[in-house]
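Undergrad: Below you will find the structure I want to go over with you.
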Amino acid sequence: MKFPLILAATLGAASPALADWQATLDAARGQTVYWNAWGGDERTNAFIAWVGEETGRLYGVNVEQVKLTDTAEAVTRVIAEKAAGNDTDGSVDLIWINGPNFLAMKEQGLLTGPFVADLPNARFVDLSPDAPAAVDFTVPVEGMESPWRLAKFVFVYDSARVTEPPRDMLGFAGWAASHPGRMTHPDPSNFMGATFLKQALIELAPDPAALQDAVTDAAFATQTAPLWDWYDALRPNLWHGGATFPDNQSVQQQLLNDGEVDISMSFDPASTAAAIAEGLLPETARVFVPEGGTIGNVSFVAIPVNAAHKEGAMVVANFLLDPATQSHMQNIEVLGSFSVLDPAKLDGDAAAAFAALPTAPALPVLDDLGPTLLEPHASWMTRLTDEWARRYTK
Amino acid sequence: MGAPLYEIRRQGRGLRATVLLAVAGGMVLPIVAGLGQTLKAAFGLFPALGHDRLSVGPWRMLFELPGFWTSLRLSVVTGLGSTLIALILAIAVAATVQGRIPARRGARLLAPYLAAPHAAMAIGFAFLLAPSGWIARALALPLGWARPPDLVTVNDPHGLILILGLVVKEMPFLLLVTLSALSQVDARRLRAVGAALGYAPGMAWIKIVLPLVWPLIRLPVYVVLAYGLSTVDMAIILGPSNPPTLAVAVARWYGDPDPAMFLPASAGAILQGAVVIAAIAALWLGERVVARLALSWLRRGGRGHGAGPVLGLLTGTAMLLLMAGAAAMVSLVLWSFAWRWPFPALWPESWSLRAWFAPGSGLGRALANTLLIALVATALSLTLAVAWLEGEDRAGLGRAGWAEGLIYLPLLVPQIGFLYGLHVVFLSTGAMTGLAAVIWAQGLFVFPYVMIALSDPWRALDPRLIRAAEALGAGPWRRLFAVKLPVLLQPLLTAAAVGVAVSVAQYLPTLFLGAGRVPTLTTEAVTLSSGSDRRVTGAYATLQAVLPFACYTLAFLVPALLYRNRRDLSGAQ
């Protein structure tokens, strides 16, 4: 496989940062990076395998994906290793991470960094303080994790069975009432289930701006009151009467494929077109977003503080930000994830590569997706899922 | 003549002591150490997160977690319920088929059920019973369903489907154990006596044979109970989710993004252990009560000619469940070759080999790891088991009850209770990593089953053979290698097949001690079952079931070929 990669090292070794990068490349050669990443999606797994082949070929860095059912497993592993006094030879080199797991690791001092600014390809990313790649669930990234793919919350429906999907979150209650049992959301202990609640919270909260600050008891009571009213109306009309919930969005996608529900959700606008190509959804599956826009965030990779192969992990993080890698990733035939690079920072060739990517009927263009809403402060998510469990887990 | 008798006895004791030491050091000590770590965290001692004061705080937190009490209740109901139902059905089937199906043929019929790992069976079972599943599809056409009915089946809040799934998996095991126990109690003569006294055949079995069989199957029943109470993989796939059973809840709490959840999770893991102990104690008490009550029932002397329909009904139910299990396995194989298989199609709409040959899917590597681990763990366990039994023979010692208990320890202590602590112990001592640690951890669970499978046939070996060899001048080693092992080839291979099956099915030990870096068919299948591609899951689960099944088949074929001119050794009775 031939790939026109923009190698930072070939741009000249004049600047000290780049000289450091050469040292990183040298140290990384021969390392095997254990990338801990959720393993429930075959296309992502295949993409990670491709990344390993490329970094092996270009830098002598091998990548082994450690497939997780939940990112927290990797966090647990790092904590267990720290508990055992393993400070330099940890088994986790790179984690696909964001949100509460990132906050927990950052607060516990379990991450290496800051390292993002040292990556040569970071110059293609908008890292200004309020940019999506610099804030993770309102928590400043501060160079402790490096972006690699864009996530934006979307709903998926089967257009053969649903003629008019709900227009906004409020509309879901009415839609479910006229189509009882035809919709559900993943368990809120799962990331996607929590996002469904957050999406509704942003739309229904009396003052959405309050969600950007750390949660207080008073703010939580005021801002979530309409949410619970809405949810109490919605829940009895959910799949299985709202008594059980699918474990995660993949299981819900399977329910959509099996025809048990008509609506599913995803954090990847391209996943529907991808799933159709994989035979995992009917040809008639389509994407929709509520009118006011949806939550968006960036997926990151982070390096645990006790990682055994830090240099290799940095080389992989840098490779992920290469414009060639990003346009390959955005190709619907590969992964279809939207790029995290700033289009304004790309040169002509790289921009052309993005423009030439193939399209598909179920693949929305960026304009269809509406505005991107900011994630609430991470503390809201914890409170929200705790409160949900308190109310509905009996 | 070889060495004098006292010398052989000394050797025997030495051999057994060595094995005991290996078992104590390699199995009991680590489990106790792991439990110790968990126990410390359960009482607030976890220095890595700055918790260094003894407290009952973790327990208070545990009791206040939403859904905790429901989780606890669900665990008890599904664990006890599934064990009792599986036991009753197994006894009913054994009473019905008595004398008609010899243990060996029974083993051959039941092997696929024993070989199929729990997770694989659960995934297939979920597809069979889901509102959009196979059964619903069969009904869709006659009933005119365009959409799956909005019925709650799989993941029902009461755990009924989980109970059913556990019964399908455990009943064949209990049945097999019962059938092989029959060979030790001379059931044929007892039944003849019962018949002579005018008892109906089924009732004769229950009243005369069962009381003798029960002590032989008691421990396996405890193992089934312990498994039912603490299963994680089956409960994730078939059980309720909001809240889940205690074992799943504990696993979820261990995986919570908030590290502080470690402490209540550890308390939950300890509680899980207590639940198993309490349930076994309850079963033991129940046994006393039944024994006392049954005495007057036995003395009343009912000949049980009216019990036929009940036995028939129970046997019919058992057969139905076995068929459901078979359908579940077949559906997985079909899925692995399917491309699109939407509701309400009974068969896949389009076919593909992609699940088997997709590049980068890691199937080959998982298969290689699984094989390597299974073969090494089984070989080690088999060697250890032979050494133990041979040691007993030479020392002239019988079966020691405490030794039996020791063997069963890893099967009775819930894995979640000690595996996390064990992982910490391993990391801090730097003892082993990766593949070696996984092999060892699986050995913890493989050895007991190998020992169980081998010890009865070993002890049933005709002593005259050994004496004849001794009289002909064969020393203890020659007697072992030239007489015992060849004669016992069939049971040895069966034990090995059991070992491979157990090894292939291990999920938590592989996950914890392999630090997730040692992908096997089972870890990949369970991970993939959290995703949405039933076809890839089907490929993994099929291999997961085929591998042990191939070993069982080999265990039957090899002696049959090797000893085709030795009727009593070939296993072809």
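Positions of Cβ are set from backbone N, Cα and C atoms, glycine also.
Nobody curates TrEMBL annotations by hand; they come from automatic prediction.
Annotations per TrEMBL:
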DOMAIN    B:68-283  domain 'ABC transmembrane type-1'
DOMAIN    B:367-558  domain 'ABC transmembrane type-1'
TRANSMEM  B:19-39  transmembrane segment
TRANSMEM  B:74-97  transmembrane segment
TRANSMEM  B:118-140  transmembrane segment
TRANSMEM  B:160-182  transmembrane segment
TRANSMEM  B:194-217  transmembrane segment
TRANSMEM  B:262-286  transmembrane segment
TRANSMEM  B:307-338  transmembrane segment
TRANSMEM  B:366-389  transmembrane segment
TRANSMEM  B:401-422  transmembrane segment
TRANSMEM  B:434-454  transmembrane segment
TRANSMEM  B:487-508  transmembrane segment
TRANSMEM  B:539-563  transmembrane segment
Undergrad: Same chain only, please: residues at least 6 beyond the ends of the transmembrane segment (B:118-140) with a C-beta under 8 Å from a C-beta of the stretch. Say none if there are none.
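TA: Answer is 146, 148-154, 161, 164-165, 168-169, 231, 233-234, 237-238, 324-325, 327-332, 335, 343-346, 505, 507, 522, 525-526, 529, 534, 537-538, 541-542, 544-545.
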Undergrad: State the non-local partners of the transmembrane segment (B:262-286) in its own chain: residues 6+ outside its ends, Cβ under 8 Å from one of its Cβ atoms.
TA: 35, 38-39, 41-44, 46, 49, 51, 57-59, 61-62, 65, 72, 75-76, 79-80, 83, 221-222, 225-226, 229-230, 246-247, 249-250, 253-254, 256, 412-414, 416-417, 420
Undergrad: May I ask which of the stretches B:19-39, B:74-97, B:307-338 has the most CB pairs under 8 A with the transmembrane segment (B:194-217)?
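TA: Per the Cβ count, the answer is B:74-97.
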Undergrad: Residue list, the transmembrane segment (B:307-338) vs rest of chain: Cβ under 8 Å, 6 or more residues beyond ends.
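TA: Counting only partners 6 or more residues beyond its ends, the transmembrane segment (B:307-338) has Cβ contacts under 8 Å with 88-90, 92-93, 95-97, 112-113, 116, 120-121, 123-125, 127-128, 134, 164, 167-169, 171-172, 200, 202-203, 347-353, 355-356, 534-539, 541-542, 545.
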Undergrad: Please give the sequence-distant neighbours of the transmembrane segment (B:19-39): residues at least 6 beyond its ends with Cβ less than 8 Å from one of its Cβ atoms.
TA: 266, 269-270, 273, 384, 387-388, 391, 403, 406-407, 409-410, 413, 417-425, 440, 443-444, 447
